[in-house]
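K.L.:
Pasting the feature list from Swiss-Prot:
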type	residues	note
ACT_SITE	Tyr167	active site, proton donor/acceptor
BINDING	Gly23, Gly24, Ala25, Gly26, Gly27, Ile28, Asp47, Val73, Asn99, Lys171, Val200	NAD(+) binding site
BINDING	Ser104, Ser164	substrate binding site
Amino acid sequence: MGSTSTPDSSTNRLQDKVAIITGGAGGIGETTAKLFVRYGAKVVIADIADDHGQKVCNNIGSPDVISFVHCDVTKDEDVRNLVDTTIAKHGKLDIMFGNVGVLSTTPYSILEAGNEDFKRVMDINVYGAFLVAKHAARVMIPAKKGSIVFTASISSFTAGEGVSHVYTATKHAVLGLTTSLCTELGEYGIRVNCVSPYIVASPLLTDVFGVDSSRVEELAHQAANLKGTLLRAEDVADAVAYLAGDESKYVSGLNLVIDGGYTRTNPAFPTALKHGLA
C-alpha cells in the first residue's frame, strides 16, 4: 500500500464499486473519497456539514461519480435514507466506510469528565457505527457480498494518559463490533474490518485542540516510533482502499494498525531507564 501520491498501476482497482463514506466532508473521509473515485468507484459521501460535503463533491468529480447526502449517523432514519438513496442512484452498495468519529471536549480526569459529553461521544462513535453497519448489512445480505470498514484508532486496543476515557472506550467498542459483525456476516460473503491509525493531523484534532496541522505533526513525530516520515490521511485512505477492494477478498475481522510500530514499543521504559542511569 503505497502513498496515493505515487503512481499506481492498479488505477481501476475499485472499478464499478459503489461506496458510502460517512464523515466524508473532511479529513480521512474526504481523502478516501478522492482515492476511491480515482480508483473507479462511485461514491456517496455523508456528513452533517452540508456545505463542506457539497464542496468536496464539486472538487472531486461530476454528480454521477460522487454525490452528497446529509446524514446524522445517530439517527436511524438518516442512515436508512443514506443507504436507500445510494441504492436508488447506483443500484447497489459494495462498500460501507464508517468513518464518523468525535473526541471528548471535557477534561481527561474521570472526576471532571462530563456526563453528557460521555453520552454524546458514545452515541456518535458507537451507536453511529452500529447503525451504519445495520443498514449496510440490510442491502448487502441479499446481494451475498460487501465490505464494511470502520475507522477505529490505536486507542481501540491501548490507552494513554490524556486520551479521554470515553474515546478509548468507544474505539475499543468499534473493534469489538468489527469482530462480532465479521462473525455473523461472513456467512453472507460480507467482510468486516477496521483501520487503527496513529495520530493524523486531521480537523478532528486541530479543531478540538486549537492548533494547526504542522504542530500536530511535530508532536506526533516526537512521540513516534518510526522516524523520518509522517502518517497522513492519504496513508489511511490507502489502507481503507485495500480492505474495501478485491485485493483483500479473504480478509475479514482484521484490525489494520497503521502506527509505524508505535504500539509495539514501550516508550516509558527507555525514558525511565535513561533517567535512572543519568
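Placement of Cβ uses the backbone N, Cα and C atoms for every residue, glycine included.
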K.L.:
What Cα-Cα separation, expressed in whole Å, is found between Asp47 (NAD(+) binding site) and Ser104 (substrate binding site)?
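P.N.:
Asp47 (NAD(+) binding site) to Ser104 (substrate binding site), Cα-Cα distance: 19 Å.
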K.L.:
Looking only at Cβ atoms, how many others are within 10 Å of the one on Ser104 (substrate binding site)?
P.N.:
20
K.L.:
Let me spell it out: for each of the binding-site residues (Asn99, Ser164), count the other Cβ atoms within 10 Å of that residue's Cβ, using every protein chain shown. Which one has the most?
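P.N.:
Within the set of binding-site residues, the most crowded position is Asn99.
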K.L.:
Listed recorded positions are Gly23, Gly27, Tyr167, Val200; which of them have CA atoms within 10 A of the CA of Ser104 (substrate binding site)?
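P.N.:
If one measures from the Cα of Ser104 (substrate binding site), the recorded positions that come within 10 Å are Tyr167.
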K.L.:
Determine, to the nearest whole angstrom, how far the Cα atom of Ala25 (NAD(+) binding site) is from the Cα atom of the residue listed as 'active site, proton donor/acceptor'.
P.N.:
21
K.L.:
Quick check for the class: what is the C-alpha distance, in angstrom and rounded, between Tyr167 (active site, proton donor/acceptor) and Asn99 (NAD(+) binding site)?
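P.N.:
So the Cα of Asn99 (NAD(+) binding site) lies 14 Å away from that of Tyr167 (active site, proton donor/acceptor).
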K.L.:
Just name the winner among Gly23, Gly27 (the binding-site residues) by count of other CB atoms within 10 A of its CB.
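P.N.:
When each Cβ's neighbours within 10 Å are tallied, Gly23 tops the list.
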K.L.:
Just give me the nearest neighbour of Ser164 (substrate binding site) among the binding-site residues Gly23, Gly27, Asn99, Val200, Cα to Cα.
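P.N.:
For Ser164 (substrate binding site), the closest Cα among Gly23, Gly27, Asn99, Val200 is found at Val200.
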